[in-house]
Amino acid sequence: MRFATVLLPLPYECEYTYSIPDVLDSRAKPGVRCSVPLGRRKMVGFIASISEERPSGDYEIRDIERIIDEIPVFNDELLDIAKWMRTMYFTPTGLSLSMMIPSGRKESEVSPFYEPASFKAIENLSEGQEHALSVLRSGESRFYYLFGVTGSGKSEVYLRRAEDMIKEGRQVLYMVPEITLSQQLSDEVYDRFHGRVAILHSSLTPSQRLKAWHEIMSGDIDIVIGARSSVFAPFRNLGLIILDEEHETSYKSGNTPRYHARQVAQYRTAKCGTEFIMGSATPSLEAWEMMRTGKLRRIDMPERIGEGRYPKIEVVNTLKEKRNISPELEKAIRKALSEKKGILLFLNRRGFTYGYQCRSCGTILTCPNCSVSLTYHKKSNRLVCHTCGFSEPLVHVCPECSSRDLSPSGFGTENIEEEARALFPYARIARLDTDVAESGKGKTQEILQGFRNGSINILLGTQMIAKGLNFPLVSLVGVMNADSSLSIPDFRAEERTFDLLHQVAGRAGRYRDDGFVIIQTTQPFSPAVAAAADNDLETFYRKEMENRKATGFPPFSRLLNLTFRSISEEKAIKAVEDLGKSAYELEESNSAYEDIEIFSPSPCPVEKKARYYRYHMLLRSSSASLLLSFAHKLLDNYKAPSSVYLEIDMDPISLM
């Protein structure tokens, strides 16, 4: 009889030994899932290894009850990554594997892009693209960064390099930050290569994902396109990883394990000898520092290709403006409509207004489950919490002072849509935000296609329309509230504002030389707004890096955020204070941890979320290895009190 080491998806690190019954022996192999008993429970586990010898020790070894997979669903590389994530992200190995691997069992027909590979002829490259490709082909590094303006042709360079790898018989992973982008890119890749392409993202059913997973693992897929989780795809012969729009925060997982796809890709590259290309017009400050120190080979692509030019940008001070659409923006919209050009109106906020406020006592109506304001949606005439989903009919009486003088404060996409329809009654206007996207299958693609072909004149929306989508007819972009993200209490606020403004401005003039952007703001002298208006990236990065260095925040330090949440505020406070006391004692007892900085426990900026009170403690160090060592010593044997949950976030992108 043989014995299997099985990893289980439990909240603690563990390996269990099970015996393999003779009837299952031929199907049991490392990399397959199995059903095993654990106490009175049945669990799905992962066979990590098989031994001919019984482990030492006088204890009962129970049988594996069922083998789930005919062929393995993970390999040695994925097992190694899962073990690394145990150290890096404080997630047990079995739990990481369960997150990586699809749960589907049936192999349905899902591979929509599956044909013999052949390559289409494509047009000539620009000088900037030729230079970038020659550097990549030189082999002088394995870690590259395409620092290119929007419209400089980074995607073509990615695909050319992917073509090189596929011709050598190697596989390619092409990561993008959003599912919408995945679909757009997959269409382009399919048309271009007529090759073996798979898409991996969270909207696939488990069975669809498992089908693609097996094809990738067997080597039947040449290119995988996917969002964050595709970084765990089980390649047989991976040659290239592409991470487009590297600055996007959606590459960081908000759930356990709280991994960053960039960091996982860097680890895979270092371990497996692949090539790793990142790219963006607005690199994260972490990537900027890696370029400065030579850890990434920077390749500049400063010019737009074809007839595209970086747009002219005008900043409009709306501090005293009563309308959402300023006179300057209205004039520009009328001109663009008369010339039959496309118009994008961007607002980084869903809903009709920011909130609903009592004009008598100043009370802003907030969610009963969260410490955030409710958003008024005019179409449904309801107040909605965009944090937990709570909603209620519009309130007409102030809950604090009983006044009936309540009114909206701020504005949202529905509000702007209403104003635009009143100002431009003959224009064909569409709104695209998460509410619209979730209203029906295919609605997003229908709106985007209508805007591309000109049947929609004005497209207004939220962050969805700012990210990498290409619209040839667009000549005018209006940014409605450029400074809204500056009020967020987070050290990355300026960086995120600059990223967003620069990216959304890049939608104008990509295919023509008459692009025009109007930025409406109440803070025209903000460094982020001013730098975006002047297209002065180098100055912005230099000043922001100086600020980060002076305050000791990333990329000049590493952070670990420990967040306690509980329905009982008292329990959350006690838990964070007790762990804080243990942290101070550990630091004082070991001189090796002198560089560890412990921030006093405090309420999270969003103190209550979905009925849970939230308190956190931040750890900081200039050394990642020292910070991880300290945190593991503090947490490896720690168990949170009952009804209190601990979230461990290494390198958090937000402290909210």
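Heads up, the Cβ atoms here are built off N, Cα and C, so glycines get one too.
TrEMBL entries are annotated by machine, without manual review.
Record features (TrEMBL):
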BINDING   CYS358, CYS361, CYS398, CYS401  Zn(2+) 1 binding site
BINDING   CYS367, CYS370, CYS385, CYS388  Zn(2+) 2 binding site
DOMAIN    135-301  domain 'Helicase ATP-binding'
DOMAIN    371-568  domain 'Helicase C-terminal'
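Cα distances from CYS401 (Zn(2+) 1 binding site) to the binding-site residues CYS367, CYS370, CYS385, CYS388 are smallest for CYS367.
Report note: the Zn(2+) 2 site is defined by CYS367, CYS370, CYS385, CYS388, and the residues of the same chain whose CB lies within 8 Å of the CB centroid of those residues, excluding them, are THR366, PRO368, ASN369, VAL372, LEU374, HIS386, THR387, GLY389, PHE390, LYS609, ALA610. Here the candidates are the binding-site residues CYS367, CYS370, CYS385, CYS388, and by Cα distance the one nearest CYS398 (Zn(2+) 1 binding site) turns out to be CYS367. All protein chains shown were included, and the count of other CB atoms within 10 Å of the CB of CYS367 (Zn(2+) 2 binding site) stands at 24. Taken together, the residues in the domain 'Helicase C-terminal' (371-568) have a mean pLDDT of 86 on the 0 to 100 scale. Report note: the Zn(2+) 1 site is defined by CYS358, CYS361, CYS398, CYS401, and the residues of the same chain whose CB lies within 8 Å of the CB centroid of those residues, excluding them, are ARG359, SER360, GLY362, THR363, PRO399, GLU400, SER402, SER403, ASP405, LEU406.
The Cβ of CYS401 has fewer other Cβ atoms within 10 Å than any other of the binding-site residues CYS370, CYS385, CYS388, CYS398, CYS401.
Within the set of binding-site residues (CYS358, CYS361), the lowest number of other Cβ atoms found within 10 Å of a Cβ is recorded at CYS361. Cα of CYS358 (Zn(2+) 1 binding site) to Cα of CYS367 (Zn(2+) 2 binding site): a span of 15 Å. On a Cα basis, CYS361 (Zn(2+) 1 binding site) lies 21 Å away from CYS370 (Zn(2+) 2 binding site).
Here the Cα atom of CYS388 (Zn(2+) 2 binding site) is found 26 Å from that of CYS361 (Zn(2+) 1 binding site). If you measure from the Cα atom of CYS367 (Zn(2+) 2 binding site) to that of CYS361 (Zn(2+) 1 binding site), you get 18 Å.
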